[in-house]
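*Asks:* Okay, these came from Swiss-Prot:
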- 48, 59, 60, 61, 62, 63, 64, 117, 150, 174, 194: 1D-myo-inositol 3-phosphate binding site (BINDING)
- 54, 55, 62, 282, 287, 348, 370, 378: UDP-N-acetyl-alpha-D-glucosamine binding site (BINDING)
- 357, 358, 360, 384: Mg(2+) binding site (BINDING)
């Protein structure tokens, strides 16, 4: 299909936004040099989704967990965090203390309800106004640094950081060009306006935080990011919450994962001897829950005897663009002849989610794109292996053949083969689950917060150096 004139104009504009830079090797936290002073207080921006929202509902997902856990751990090392997010109901207090040292500030920007994420760019001016109003009531130098999450927040952070004279650290979480390169069937491409906005943010940021080395490479390759300004910080997992037994249990002993799984199944009303492949996440084409259902249909065609001992829970709610909704999946399950083994459940809180992970034989993540895939680490921390698409950050989160299996592509037959290995050798669940739990131990949020603080320190040091050079 020939490119439109409009597409060419956008491409030329994006090209002009990026400067030509010589390739340099990527430098990560620990490799930065500069003064050692870390910030006292950070303004964290999350325009489109509140850290108070339950993950798995609407646009709330892994990013919400990321912001909450990171902010708490930063506060624990004496970096105060104030999170600005859009108010979605009039009953919200202007400020909410999320934890000691962590404050959530609600900003009025557009109607409380009925505003899709795709409509939020029109409200960025109002959101920025609210952020500036909050800042105006503080003493000079109140915020040492701005840390924005997702491109909408990056646009606000760009202006705020310049106005306050502080550095901007940005985390993309997802990128338009990367998503558009791997669209699921029925999904809607990200608009050119987002590509332009992300390119602007890359050039405006003092530091960019990537979840994995692959994401860092994508920032350089797709957006011409300065490699020296990109830092890799792996997200973490709440190891107190996601463990083979609930927190406070007296059964937290090595080798007890099987009894932990049995206890979780009893709490959730699941059969003890069943193969339970779990999908947990937002129901949208990007996450590809339909691939799991199709794979189960293939598996049952090959081995009809499995029907009496398989349960497929789908835990999550609708989100984003495309056609994937719970009712759509229910109809698909009926067409595939597997409605009797698939169970749909609404999104649940983190404690309950941990129980679903414990109960599962395997977590299935057939996503088309994942910057990291927090739920993969969370499930493994509970002692549950993962079958995931070999995309984005999932090869970092999942060690292929050790704590689960990575699948190339999205063909249901390939996922059916992976699930069949667990059906044929049930002991694989416990063996891989133990390896998965050991792997997850290296992804604590304390480590992520410490590395993020190093990025902040480097950004502050460079910012001061440039300011001194500018003023002679």
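Numbering starts at 1 and runs along the chain as displayed.
Note: Cβ is positioned from N, Cα and C throughout, glycine not excepted.
Since we're looking at a predicted model, the values are computed, not measured.
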*Asks:* Provide the three-state secondary structure of residue 384 (Mg(2+) binding site) computed with DSSP.
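*Replies:* Residue 384 (Mg(2+) binding site) sits in coil per DSSP, no helix or strand.
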*Asks:* Out of 64, 384, which of the binding-site residues has the smallest number of neighbouring Cβ atoms within 10 Å?
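*Replies:* Output over binding-site residues 64, 384: least Cβ neighbours within 10 Å is 64.
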*Asks:* Can you give me the same-chain residues 6 or more apart in sequence from residue 150 (1D-myo-inositol 3-phosphate binding site) with a CB-CB distance under 8 Å?
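*Replies:* Once residues fewer than 6 apart are set aside, residue 150 (1D-myo-inositol 3-phosphate binding site) is near 46, 47, 48, 63, 171, 172, 173, 174.
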*Asks:* Taking 8 Å from the centroid of the Cβ atoms of 357, 358, 360, 384 as the cut-off, which other residues in that chain fall inside it around the Mg(2+) site?
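*Replies:* Filtered neighbour residues, in order: 261, 264, 278, 354, 355, 356, 359, 363, 379, 382, 383.
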*Asks:* Counting across all protein chains present, how many other Cβ atoms fall within 10 Å of the Cβ of residue 62 (1D-myo-inositol 3-phosphate binding site)?
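*Replies:* There are 24 of them.
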*Asks:* Among 64, 194, 357, 358, 360, these being the binding-site residues, pick the one whose CA is nearest to that of residue 378 (UDP-N-acetyl-alpha-D-glucosamine binding site).
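*Replies:* Nearest listed residue in space: 357.
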*Asks:* For residue 357 (Mg(2+) binding site), which DSSP three-state class applies?
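*Replies:* The residue in question, residue 357 (Mg(2+) binding site), is helix (DSSP, three-state).
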*Asks:* Can you tell which of 282, 358 has the most other C-beta atoms within 10 Å, given these are the binding-site residues?
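*Replies:* Compared across 282, 358, the most Cβ atoms within 10 Å surround 358.
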*Asks:* What residues, ordered by sequence, lie under 8 A Cβ-to-Cβ from residue 194 (1D-myo-inositol 3-phosphate binding site) and sit at least six positions away in the same chain?
*Replies:* 151, 176
*Asks:* Given a separation of at least six residues and a C-beta threshold under 8 Å, show me what packs close to residue 357 (Mg(2+) binding site) in the same chain.
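*Replies:* Result: 242, 278, 280, 363, 375, 378, 379, 381, 382, 384.
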*Asks:* Identify, among the binding-site residues 348, 360, the residue whose Cβ has the fewest other Cβ atoms within 10 Å in this structure.
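*Replies:* If we count Cβ atoms within 10 Å for the binding-site residues 348, 360, the smallest count is at 348.
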*Asks:* Measuring Cα to Cα, how many Å separate residue 287 (UDP-N-acetyl-alpha-D-glucosamine binding site) from residue 62 (1D-myo-inositol 3-phosphate binding site)?
*Replies:* 12
*Asks:* Report, as a single number, how many Cβ atoms besides its own are within 10 Å of the Cβ of residue 378 (UDP-N-acetyl-alpha-D-glucosamine binding site).
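*Replies:* The answer is 28.
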